[in-house]
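Enquirer: To start, I am sharing the structure in question, which I have written as structure tokens.
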Amino acid sequence: MSDAVQTGWQLSEQAPLRTLNTFHVEATARWLLNVQAPEALPQALAAPEIAGQPLLVLGSGSNVLLAGDPPGCVLCFDNRETSIIAHRADHAIVRAGAGVNWHALVLYALQQGLSGLENLALIPGTVGACPIQNIGAYGAQVGDFIHVVEAFDRHSQQFVRLDAADCAFGYRDSVFKQQPERYLIVAVEFNLPLLHELRLDYAGIREELASMGAELAGAADVAQAVINIRRRKLPDPDVLGNAGSFFKNPLLPSEQIAALQASFADMPVYPGEHAGQGKLSAAWLIEQCGWKGKREGDAGVSPDHALVLVNYGTATGAQLLDFARRIAESVRERYSVILEPEPRIIGAHW
């Protein structure tokens, strides 16, 4: 592997990616670009080895499945600065570089007396990746707290600032996911309140707080409750390869929901993102089809959470993808519901 080192960036050839994705599957980048100084990005992208080539941005690789070697160049941001850039009477603006660990940012905000992100504690990944998927958990979505996304626009070759409306946030969606080849996120600014109405009505948070003896809960207590729940339900990707929840919870029109409930009375249904729709539990659908805890070779579904696809050791990305496709097909056959993957599939089509 040859290396080219420049001010603020480094280019490596034939770089292994196993440690750069949380499924821990083997893949190789023809070129790997590490950027420490975002202002050097235009110069780095103009390097003759990678100019004009396809570009894949990897944070910690916690929301991708490498089903093959990515074409072109893999880009990793290594800017890890976090600071409060503005104080207001009831909130503050926190700026974090794309390379900052997401959970570290949540803890930083809590240490500064700021709330809003506590339900998103312990989600693997980096700050730069969080707007792409509009990460969410336990009743919260990061898009509700994003003030500005700073990005390099590959179309205009300019650095731009996109406010929350420009980002077009939706359920596990954003303009960055819709146009993956256009924007390279270099930093995110968050609008975080000093006092925030806590979200306690999701997935056993109240029960966990009670077991902690935290009847008068604050944001830090909620974060600890979420951490406890996640550690019990979700495998540590450092120990067992996974990307968290592999499938989105399906959003369906109310009429389709009613028809399903007429046939499957015990099917849980949750409020949708908009009027006239409901949300199904993908985990429930998968478990009902018999996949929870199932294993074939080193590809499997966690015995603790039916949404979590796991690599027990040497499964390839292609094997994991085939396993996931068969899960989705069995759900479609039984319930006429189409499951969509949360992670971005690289090197193959879903």
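The backbone N, Cα and C atoms fix where each Cβ goes, and this holds for glycine too.
This is the feature table in Swiss-Prot:
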type     : residues : note
DOMAIN   : 24-195   : domain 'FAD-binding PCMH-type'
ACT_SITE : ARG172   : active site
ACT_SITE : SER245   : active site, proton donor
ACT_SITE : GLU342   : active site
Enquirer: Could you state the whole-number distance in Å separating the C-alpha atoms of GLU342 (active site) and ARG172 (active site)?
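Expert: Rounded to a whole number, the Cα-Cα distance is 8 Å.
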Enquirer: Among the active-site residues ARG172, SER245, GLU342, which residue has the largest number of other Cβ atoms within 10 Å of its own Cβ?
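Expert: When each Cβ's neighbours within 10 Å are tallied, SER245 tops the list.
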Enquirer: Provide the three-state secondary structure of GLU342 (active site) computed with DSSP.
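Expert: The residue in question, GLU342 (active site), is coil (DSSP, three-state).
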Enquirer: To the nearest Å, how far is the Cα of the residue listed as 'active site, proton donor' from the Cα of ARG172 (active site)?
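Expert: The residue listed as 'active site, proton donor' and ARG172 (active site) have their Cα atoms 12 Å apart.
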Enquirer: Per DSSP, ARG172 (active site) is which: helix, strand or coil?
Expert: coil
